[in-house]
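Have a look at the structure below before the remarks.
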C-alpha cells in the first residue's frame, strides 16, 4: 500500500484537494468518533458542499472558477465561526492508528529516496551548476514527488530522526512542546502519505476538514495585506522577547507604511520568491504551522491543522512552479489577497509560463535577498540541535545580527546577477536536502544550514515559541480578524482585478500559498527597483523600436520606388531623441514624398473636392466679404501666369501668331521691352519645336516645345529678355541652377532641373524639365478661397523644406519664394522651386526694402536689417498658409502695412531687432513705438498712429480651420501645421525655426 501511494503523490496532483481534506482528518485524529457523528448531522449540507466544491474545481473552466470564487467566501464566514468553536472542543481520536504501520514503512522508503536525492544534489552543487538548465534540473529534483514529504519533514526540522518511532505514540495530548512538535510531524507525514485515501474519510472528520481548509484560507489571508499582517505581528510581538519585539516592529513598520498599494508589489515579489525557491516557502509555512500549535491550546492546533492541509494543497502549484523556474511575475502583480480559493488555483500555472527577461530579472532579485540571508545565517547561526528554549534565545540574537545584514542585502541592485544566480542554485541544492533525515543532512552540510530557511522563518519562530495563555486569545482574535478580512477580500479582489485588466489571474495565489510578508523590509526596497526597472526596460524597448524604424527608412530611401511605411507613431520624438543625422531626415522625407506621389497620382482633385464639401457652409455664408478683405493681385484680368496665352486676347496683341502668316515679323524678333516674340511652330536651336506659350515674367517669357533630338521629349524653354541687365540676371540664374543641379544629381531636393542652354536671336534660352502649372494656378483652379487638402499641403511643405535645404547647402538665397515660383507636375504630387532670377549668394545680401514679393517679404528685409536663409523660410511659411487656406496671409498694401499685419499675428517686434534696422525710422519713432501709417478713409490723407504696444489679435488656428468640420486625424494635422507656422513666422530671424528642425517637426514627420 505504501509503495502504491508513493507514486500517487507524484502522479496525481489533481487529487490534492481531496487529499488535503483527508489529511485534516488524520491530523484531527483526536476527534472522537461519536463527536464527529454528532456533528455530521449538523454539518451534512456543508460537508457535501465542500466536497463538491473540490470536485467541481478539479476540472472546471476558469470562468466558473472565477464566478464561484467570488461568492464562496461570503457564505463560509458563519460556518467558520461554528467550525472554529467545534474544533476547539474536539479531542484526538485514535481512529488512524491502524494506518501508522504503513506510514512507518512508507517513511523508510521516502528516506531512502531522499538520501539518493541528496547525493544527486551534492553532485550538482559541487559541479557548480550555474546554467539555467542546472536550475531547472534542481527544480525538478525538489519537485512535486518529494514536496509533500520533504516539506513536511523540513517543517518539523530537527525531530526527523525520531519520527518513525514516535508516530504511534503521538496521538495523546502532551503538554510538552517537543511532543506537540513530534505529533505535528507524524500528522504531516500521515497527511502526505495518505493523500490517495483521503476521499474515504468519515463525516465528522470531513467537517473538521472543512473548518481546517477554511481557517487555512483565513491564515493565508492573514498574510496578505501588510496592514493586517502588522496586526497579527503585533499580537505575536506581545509574547516575544523584547529584542524580537523590537525587530519585528521594525519589520512591521516597514511593511505597514506602504500598506495596500505596496502590498501588491510585495506580493508580486513574494509570489516570485515562492515560485523560485519552494523550499523557502515550505519553511515559512512550516513555521506557521508550528507557531500556531500549543500544547495547551487545542484551538491553536486545529487552526494549524487547517493551515497545514492548505499548505499541502499549495504544494502542487509550488511543485509546478519549481519545475518552471522562469515564470512571469506579472501574474502576481495584484494583491496577494486576490485568489485564495481553490477555484483560482488551476488558472495559475499557464500564466506562470510567460516570463519576460525583464521580469525574470525582477524575480531573481526578489529571490536573492532570501537566499543571501540563508547564506549569512548559515555561517552565523548556532547549531540547530539546541533545546527549544535555547534555540529561541540564539535565534533572537541571530536575528539581531542579521537584521542590518538583510537590509544591506535587500537592495537588489547592488548584487551582481551571476552572484544571485549561483546563490539561487546553491539554495536550491541545499534546501531540499536539508529537510531530509539527519543522516543525509550531515552528509550534505552542517546542521547549521537547516536553521537558515528564510527571513520569514526567523521572524515567525518566536511566535511559535510563545505558548502562553495569551496565545489562546490571540488565536481567537486572529480568527475573528480573519473572518473580517475575508469579508473585505472580495472588494479588494475586485479592485485589484480592475487595475490589472490584462490578466484575470495576475497575482493570484494557489490555495495554501502564503504571501511571504515578513520579508517586507526587503520587498519594500524592491518595490521601487521593480518600477525603475520597468522604466528602463520601456526605454530600451523604445530605443529598439526607433532603430527598427530608422532601418526601415534607410532601406526605403535607397529604393526610390518604395516608400516609408506608416508605422512610426511619433517619428518626430524618436528622431529627436536619437538626434539623427540630417541625411537620415532628408532621406526619410524624400521617401515620404515619393510615397505621396505614388499614392496620390489621381487623387488630387478628389481631395480638393472633399475639402470644398467641408467648406460649403463657410463659402455660402461669407466668401464674398472675404474676397474684399484680401485683394488678389493675381486677378484674371492682368494675370501674366494664366495657363495658355494663345488666347484671343493675346492673338489680338500679335503674340503667338505663326510667323508664316506675317513675313514682316521675321526680322523683328524682339518687342520694344526686349521680350522675344514667340511664334508657335517655330524651331529653336534647330531641335525645339515650339507648340505652346506658357507665360511672361519680369525677366523672360516661357514657351513649351518638343525636343526633336530626344524623341520629342517635352521641355520648357525660358527665353530671357534681350537687354543688358536681363542678360546678366539670366547668366546668374544659369550659374545658380548649374550649381544646384550639380549638388543634387539624384533630383531629391525639388529644385527645377536645367537641361541645357543656348542663344537664339541674341536671347539667352534656358531649357528646363517640363512642368504643367504653378501653385498660383493650382490654387485658382482647385482651391480658390478654400485651399488644398492637408495631405497635399503636408507633402508640398516637405518638398519645399528639401528645396530650402539644398539652397542652404549651396549658400544660395532664392529671395522670391511664392506660389507663382513653385511648379507642379501633371498629377500635382511633385513640386519644383523655380525662377532663380532673384537668387543671390548668401554673402551678397544687399539691403533693399523691396527684395522678395511684398506679401512674402520677411520683416527683417522691411526694416533694413541684415538677412540670411530665414527670409526664404518666412516666404515658405506664408506660402504654406496660403496653400491650405487659399488666402494670402499678409496682404499688405505697403511695407508699413506688412509690418502691422505681421505684428498683429506675433505681437510687437523686439526692440533689439528694431535697433538693427537701417529703415527703422520709416516705421518706428525714437522710443521704438510703431508708427502705423494708414490712409484716412474720409479725408483720404495719410495719418500716423503711434502704437507703443501691439497685442497679437490674429488667430492663426481659427483662420486655418475656418468653418470646416474636420475629422479627428485632419484636425490633428491642422493643429500641427499651426504650430509649425508659429515657429516659422517668428519676427526675429534668430528665433525662427531652422530647416532641420522644420524637417523633424511633427507636421512633416507624422503621416495622416
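Each Cβ is built from the backbone N, Cα and C atoms, and glycine gets one as well.
Binding site for ATP per Swiss-Prot: 694, 695, 696, 697, 698, 699, 700, 701, 702, plus 718 from the candidate set 686, 718.
In Swiss-Prot, the region 'Disordered' annotation falls on 560-584 of the listed ranges 560-584, 585-609. Cα of residue 718 (N6-acetyllysine) to Cα of residue 816 (active site, proton acceptor): a span of 17 Å. The Cβ of residue 816 (active site, proton acceptor) has 835, 837, 838, 839, 852, 853, 856, 875 as same-chain neighbours under 8 Å, each 6 or more residues away in sequence. Packing around residue 117 (SUMO1 cross-link) is summarised by its Cβ count: 20 other Cβ atoms lie within 10 angstroms of its Cβ, all protein chains included. In three-state terms derived from DSSP, residue 816 (active site, proton acceptor) belongs to neither a helical nor a strand segment and is classed as coil.
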